[in-house]
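Scroll down for the structure; my scribbles are underneath it.
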Amino acid sequence: MNSTSISTAALSPGLSRRPSISSRVSFAVSNAEQGEASREGQIEDEIAEIKRYEDFTTIDWVQDAAREQARRKARRKRTAGVYRLGQPGWRYRIWESYDAAQGWIVVTIIGAAIGLNAAFLNIVTEWLADIKTGYCTTGFYLNEKFCCWGEDNGCEQWHRWTGFGPLNYFIYFLFATLFACVSATLVKSYAPYAAGSGISEIKCIIAGFVMKGFLGFWTLLIKSICLPLAIASGLSVGKEGPSVHYAVCTGNVISRLFNKYRSNAGKTREILSACAAAGVAVAFGSPIGGVLFSLEEMSSYFPLKTMWRSYFCALVATAVLSAMNPFRTGQLVMFQVKYDRDWHFFEIVFYIIIGIFGGLYGAFVMKWNLRAQAFRKKYLTKYAVLEATLLAAG
């Protein structure tokens with residue numbers, strides 16, 4: 001067989017190889033530059049044809065950069081008709097301004113949504129925690145503090161469930177068990193990714209790992225419903241870690257509404273870094289602390305523009321949370337630290353002692369926590385709902 005027949009066989013349809021991703025991107029860009037596209041949307045179709053990232057893989061930052069370049073060149077090709085006398089027309093200038101400001105628009109919307117969600121969770125958590133002991137006659141939706149506003153030791157409007165103490169204790173026990181059982185069942189049945197704080201997984205996702213569904217709408221919904229239930233049940237859980245998870249979920253869901261971020265996984269992760277900062281900001285009432293947390297702990301790629309967007313997103317989130325004022329005290333968090341007095345020199349000795357015992361206690365906790373996790377993984381994996389229910393009942 002000669003070389004011609006060999007080359008012909010290599011090019012036969014059955015043995016032809018699919019072009020690589022980079023070559024297909026280059027082909028799409030060249031079509032835009034040479035004007036070979038037969039219709040206006042052909043370049044978008046060719047870019048959309050590029051395969052999506054599969055689950056439990058890593059993104060290709062170079063590919064996403066090429067995709068963004070192709071998107072910009074395709075847009076210039078589509079807007080070539082709006083030029084007048086060699087100068088860009090007003091429609092092109094409006095699009096360029098919108099495209100440049102799209103990142104700030106997205107983080108503004110996300111920050112407002114995170115602040116609203118945080119205020120909602122604070123209000124619902126307080127109400128669920130108080131409904132275990134009684135109810136307000138003037139408004140069933142009010143917790144004890146709002147029902148007896150201005151009074152320290154209860155009021156006539158707040159009624160216990162019964163006048164019999166042991167029965168009230170049983171009702172309290174019943175509510176706590178019910179809250180834990182419902183939250184655990186919802187998480188296990190509908191959104192397993194909503195379990196835990198999610199910070200470790202988010203660090204991997206921002207670094208480029210793909211976990212489909214971990215930041216989806218269903219996870220956000222179940223997380224927002226079950227977090228107040230779990231806290232009100234009396235379980236030893238807090239909202240600081242989960243606040244980062246639902247904040248990043250909010251950012252992922254909203255950013256998908258914009259084509260610039262829907263088709264570019266690399267740019268989406270810049271938004272997720274800003275969302276992580278906003279999540280910490282609404283949990284502790286500290287926008288700058290949220291930015292530092294995202295910079296030091298969450299993000300492996302943190303350019304200057306991402307830092308400013310993270311701070312702006314955290315600032316918007318805390319401003320919305322402050323405007324909602326969920327505790328009616330003007331505070332962003334329930335326990336707010338105030339630096340209204342100086343420390344004394346002799347207190348340094350006690351600070352050192354506390355630091356030493358804190359380090360020893362931390363090492364002790366980490367050692368036994370690993371053993372507890374191994375025990376739970378070995379014996380309690382199949383009984384997750386029962387475990388949470390019994391812990392709340394205890």
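Just so you know, glycine gets a Cβ as well, placed from its N, Cα and C.
For reference, TrEMBL has these:
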COMPBIAS  1-10  compositional bias 'Polar residues'
REGION    1-20  region 'Disordered'
TRANSMEM  103-124  transmembrane segment
TRANSMEM  169-193  transmembrane segment
TRANSMEM  205-231  transmembrane segment
TRANSMEM  243-259  transmembrane segment
TRANSMEM  271-295  transmembrane segment
TRANSMEM  307-327  transmembrane segment
TRANSMEM  348-370  transmembrane segment
Proximity verdict for the transmembrane segment (169-193) and the transmembrane segment (205-231), three or more C-beta pairs under 8 Å: yes
Beyond the flanks of the transmembrane segment (271-295) by 6 or more, those residues with Cβ under 8 Å of it: 103, 106-107, 110-111, 114-115, 118, 202, 205-206, 215, 239-240, 243-248, 250-252, 255, 261, 302, 306-307, 309-318, 321, 331-333, 336
Among 205-231, 243-259, 307-327, stretch most in contact with the transmembrane segment (103-124) (C-beta, under 8 angstroms): 307-327
Distant-in-sequence neighbours of the transmembrane segment (205-231), which means Cβ under 8 A and at least six residues beyond its ends: 53-59, 61, 117, 120-121, 124-125, 128-129, 179-180, 182-184, 186-187, 190-191, 193-194, 198, 237-239, 242, 245-246, 248-250, 252-253, 265, 269, 272-273, 276, 298-301, 388
